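Undergrad: Sharing the feature lines straight out of TrEMBL:
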| type | residues | note |
| --- | --- | --- |
| ACT_SITE | 413 | active site, phosphocysteine intermediate |
| BINDING | 326, 327, 328, 329, 351, 352, 413, 414, 415, 416, 417, 418, 419 | substrate binding site |
| COMPBIAS | 614-636 | compositional bias 'Polar residues' |
| DOMAIN | 155-576 | domain 'Myotubularin phosphatase' |
| REGION | 590-666 | region 'Disordered' |
């Protein structure tokens, strides 16, 4: 009853707490050029050169003659005036928007308006996600049917810790226990309230360990290999300092992790003790490319395993030099002499400042007009792909240790909330096919990124008074880029498609949803974000066919071993490369609630997000405008596809009276075209691609060749899955 009363009060107060602002028109004849979301109010509408520009409390909307810019305000990093009459907007996802004005005064007016709009909030309620949720609740308060579940994550997310412990098969009787030492976040504000530790480690010992680890981030177990019982743990760096401090309880806990693996009753039948099948890098050197290849290629097997206690791998994401330098600030790394039966490896991953610099160089390159002639060498100089390569290698080393060598692994960097979740989450994705399903991926993000305190507010710049630019860095975006690289190499292994990742990038920054607000779970609990905002998983849910990978096979490889060399990686063009026109389309009508003025059946809960495969939907749907399409490597497939695409164009053109810039009509007209232009692994209408491929195979060319020609890189094991699919189609 109390909950219902509180909910009713929230609904009643929405209009008072988040009142609509008065619209200011530069021209009385101008109308708002888009359908507003619940809680959204447009403040300014004016004219730019050959465009209509509008600013609301959620987005900047620029309607050009042949394209539309629709970008959330929190996605904009900076605005500056260039060439007197031109506004230059830099976005956090690598896009750049340019808008030309007729007069200097008008340009300055919009510069001031935008700078005020994109300023970090003084209080978290200033972010649009709170107004959006409150108005949604108010709109549906009078209806009998409850719509609250539409903005909530599923049970698999809310009960993730309990479900994960059961799913991974932890032996909670002899080897492990769940400690509540962090209940109400009294030990560590950036850790979850429940953590898994060896059964015989007491809470008093954990308190001692917390005093020795950076930010009290103690070693906590986050994954168990279901076949061999090896685990992955994560923590912050040890506070060794120049004085060379050590902590007996910390040393005992680290060794106990390996012992707990050995005593896990469910893995006793499988127990093969690890000998020296991996090279020891404990001398403090960083892992070079040659050493990495050597360690991976030395295949482990029964013949290379000796019956002796397993050697725990401590993977330090930093370089050895950086780890030692941290001693000056009170940090440091584990000394092998104090941690017997442990091996320390330094991966040499760059810190957030180097990653930020690399990303800025990438953004500068991707937005150059015209396309630079030295594109490839310029791309190399940004070092972005090199950073991805090192991250993938780090995760693969963890996978190799856990899966092949059956060794426990402890991962940390400096604080344990940037490089550590990148490595751990990527390793879990490679090890466990559950995390490659839509639901499992949601659990992975919630657990490794949100529960363990990645500082989204500081890194994305949408926290309260988060003005410090040195704290900003696209850490999560870099990780999503690695996931995209895996999708390319293993197109049959992921239930979700590239469009899913593109939309997740957008809404990491958009603040339409409350999922990525604040720096940790404690802050989100204090701000009641779960009750007062919508979850991004209500959009990116498993039932949303727009994000479904039609090539997905649950029978694909269990553990993935990707190729990590730079030459095998590709720039994520769907996210980083700009449009041919000065626009950055973003389908922000994707929301868990219908917008006002449209019927629910006309506006489904989720639409197919745009990727860079078709940059300009308005011209794509206009048969009078010549189109240029990505061509497949197989000419006969391409020919068949062009015929099919032309038929789609004819059938998908809207009514003559429809506004071509209306988001809803664009969605209707362009859905088939957009879906078809996505990569083969992306979502298209169910069965559509299979029909196209069947048409294309009327010639003597085999279906397997068509599929392989369309997929640029196929991961090991996925060729078999493709062949099976081809046989099914022929049958």
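Cβ atoms are placed via backbone N, Cα and C, with glycine included.
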Undergrad: Over the residue list 326, 327, 328, 329, 351, 352, 413, 414, 415, 416, 417, 418, 419, recorded for substrate, what is the maximum interresidue Cα distance in Å?
TA: 21
Undergrad: Select one residue from 328, 413: among these recorded positions, choose the one with the most other Cβ atoms within 10 Å of its Cβ.
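TA: Going through 328, 413 one by one, the largest Cβ count within 10 Å is at 413.
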Undergrad: Determine the Cβ neighbour count for residue 419 (substrate binding site): the number of other Cβ atoms within 10 Å of its Cβ.
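TA: Its Cβ shell of radius 10 Å holds 28 other Cβ atoms.
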Undergrad: In whole Å, how far does the CA atom of residue 351 (substrate binding site) lie from that of residue 413 (active site, phosphocysteine intermediate)?
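TA: Cα of residue 351 (substrate binding site) to Cα of residue 413 (active site, phosphocysteine intermediate) measures 9 Å after rounding.
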Undergrad: Tell me the Cα distance separating residue 413 (active site, phosphocysteine intermediate) from residue 328 (substrate binding site), rounded to the nearest angstrom.
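TA: Cα to Cα, residue 328 (substrate binding site) and residue 413 (active site, phosphocysteine intermediate) are separated by 16 Å.
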Undergrad: Go through 326, 351, our binding-site residues, and report the one whose Cβ sees the most other Cβ atoms within 10 Å.
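TA: Selected residue: 326.
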Undergrad: Which ones in the same chain are close to residue 415 (substrate binding site), with CB under 8 Å and 6+ residues apart in sequence?
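TA: 214, 215, 217, 236, 237 - these are the non-local Cβ neighbours of residue 415 (substrate binding site), listed in sequence order.
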Undergrad: Grab the pLDDT values for the domain 'Myotubularin phosphatase' (155-576) and give me their mean, rounded.
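TA: Residues in the domain 'Myotubularin phosphatase' (155-576) carry a mean pLDDT of 90 in this prediction.
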Undergrad: Which number gives the other C-beta atoms within 10 angstroms of the C-beta of residue 417 (substrate binding site), all protein chains shown included?
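TA: I get 26 for this one.
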Undergrad: Tell me the Cα distance separating residue 413 (active site, phosphocysteine intermediate) from residue 326 (substrate binding site), rounded to the nearest angstrom.
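TA: Given the Cα positions, residue 326 (substrate binding site) is 11 Å from residue 413 (active site, phosphocysteine intermediate).
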